[in-house]
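K.L.:
Checked TrEMBL, it gives:
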{"type": "DOMAIN", "residues": "6-407", "note": "domain 'Enolpyruvate transferase'"}
{"type": "BINDING", "residues": "K20, N21", "note": "phosphoenolpyruvate binding site"}
{"type": "BINDING", "residues": "R90, D306, V328", "note": "UDP-N-acetyl-alpha-D-glucosamine binding site"}
{"type": "MOD_RES", "residues": "C114", "note": "2-(S-cysteinyl)pyruvic acid O-phosphothioketal"}
{"type": "ACT_SITE", "residues": "C114", "note": "active site, proton donor"}
Amino acid sequence: MLEIWGRNPLQGNVKISGAKNSALVLMAGSLLCPKDCRLRNVPSLVDISRMSQILTSLGVKLTKNGDVLDIDARDINPTAAPYDIVSQLRASFFAVGPLLARFGTVKIPLPGGCDIGARPVKLHIQGLQAMGASVLIESGIVHADVKGSNRRLQGAKIYLDYPSVGATETLLMAATLAEGETTIENAAQEPEIVDLANFCIAMGAKIYGAGTNKITIVGVDRLHSVDYAVIPDRIEAGTFLVAGAITHSEITVSSAIADHLVPVIAKLEAIGCRIINEGENCLRLIPGELKATDIETLPYPGFPTDMQAQFMALLCFSEGNSVISETVFENRLRHVAELQRMGANIRLKGNHALIQGVPFLSGAPVMSTDLRASAALILAGLAAQGKTIVRGLHHLDRGYEDIENKLRKLGARIERVTESN
Ligand code: UD1
């Protein structure tokens with residue numbers, strides 16, 4: 001568990017790690033390539049270790065040295081992914097697109113639900129079917145095959161009912177090796193999509209329009225070796241900016257791309273802080289008097305659902321009434337009950353949280369309910385009076401590299417302790 005003594009001012013600079021959600025999909029994307037792939041700026045996280053285990057079970061050879069990950073997917077078996085690891089990591093489903101594109105067949109257990117909602121994969125599967133795959137789900141396992149002599153997926157026109165990040169990534173990867181041209185309309189536009197497209201382009205793929213809502217992919221016969229650096233983690237950067245705001249501290253975050261943080265910066269400014277872009281991917285947060293604002297989560301470039309919990313912690317301290325509407329996931333407000341334990345004044349109405357700012361929160365024992373909720377509870381603890389104890393750190397360790405050391409270097413009083421029974 002983490003013990004946090006609140007109300008210590010922070011100062012200094014924090015360096016942001018590589019993006020978890022990019023690194024995970026790039027690791028899967030390396031399955032497209034029967035040559036050496038080198039990924040740089042890969043964070044050390046439990047989710048990355050799980051993805052490594054899944055790739056290893058397929059026969060991939062992996063070597064990690066610091067933040068450099070070498071991937072050799074020459075000799076692999078597209079049907080060998082084991083249920084016990086796949087079920088622990090939803091991103092494991094990313095392997096479907098590349099394996100089907102390269103081998104014409106794949107077998108992988110369904111990822112199942114998770115702590116923030118059901119998270120279906122219907123859009124991924126419908127898109128693969130449009131590209132000529134036959135997909136059968138039996139006993140919780142997805143079997144996908146491409147018929148025909150060359151077993152190649154065929155380019156197709158695909159319209160996504162919703163701009164799903166995962167479906168866009170699956171179909172983009174699948175289309176790189178398909179025969180002919182694929183268009184994905186109503187595609188997700190997240191920076192991680194652009195990163196994946198750039199990674200595939202660096203391997204020789206032909207992709208146009210990533211970062212807009214229409215992506216065109218012209219299939220190629222094969223991809224080649226690549227050496228590629230993952231983008232910085234915009235959610236980690238946003239979380240540290242909120243840490244500055246909530247503790248009224250001036251801090252800088254380096255290795256953060258301002259363009260990826262536009263909605264987060266806009267909301268921090270609406271709440272009363274200033275963000276100065278110091279160039280070279282460095283942002284300075286100047287704290288201000290915190291005031292209420294309304295937030296609605298949306299697909300990019302809307303406000304990210306992955307920053308919703310952290311902003312809720314901040315709005316608990318902001319003067320006036322705020323409304324947070326969670327529109328992306330159906331079960332992503334469970335941190336409300338934990339913040340209430342600390343004295344927050346929040347009412348839930350469906351997917352809306354009505355927050356009335358209070359002058360202070362009190363430290364309390366709290367339980368993380370998912371990855372970003374755990375960050376929100378740490379942020380609340382940094383600003384609360386007294387000691388907060390955050391349990392359920394397996395969520396936190398999935399997605400924040402070394403967070404307590406990074407916070408401690410900024411001046412926070414935070415310790416990881418092992419509970420004795
Ligand atoms: C990714 C991110 C996650 C982030 C989310 C939204 C990774 C590993 N995870 O998740 O951190 O919170 O984007 O920015 O990159 N949906 C369907 N049918 C489908 C697919 C999705 O209904 O076939 C729904 C989901 O249930 C959800 C919404 O679409 O309500 C968004 O999901 P999606 O964009 O696919 O998120 P993920 O790729 O799972």
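Just so it is clear, glycine is given a Cβ too, placed from its N, Cα and C backbone atoms.
Give me the structural setting of these features: burial, nearby parts and distances.
P.N.:
Classification of N21 (phosphoenolpyruvate binding site) by DSSP places it within a helix.
Neighbour density for R90 (UDP-N-acetyl-alpha-D-glucosamine binding site): within 10 A of its CB lie 18 other CB atoms from the protein chains shown.
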K.L.:
Can you count the other CB atoms that lie within 10 A of the CB of V328 (UDP-N-acetyl-alpha-D-glucosamine binding site)?
P.N.:
21
K.L.:
Can you list which of these binding-site residues (K20, N21, D306, V328) have a Cβ closer than 6 Å to ligand 1?
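P.N.:
So the answer is N21, D306, V328.
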K.L.:
Name the secondary structure element type, per DSSP in three states, that contains D306 (UDP-N-acetyl-alpha-D-glucosamine binding site).
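P.N.:
Once the DSSP labels are grouped into three classes, D306 (UDP-N-acetyl-alpha-D-glucosamine binding site) ends up as helix.
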K.L.:
Between 0 and 100, where does the mean pLDDT of the domain 'Enolpyruvate transferase' (6-407) sit?
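P.N.:
Averaging the confidence scores along the domain 'Enolpyruvate transferase' (6-407) gives 96.
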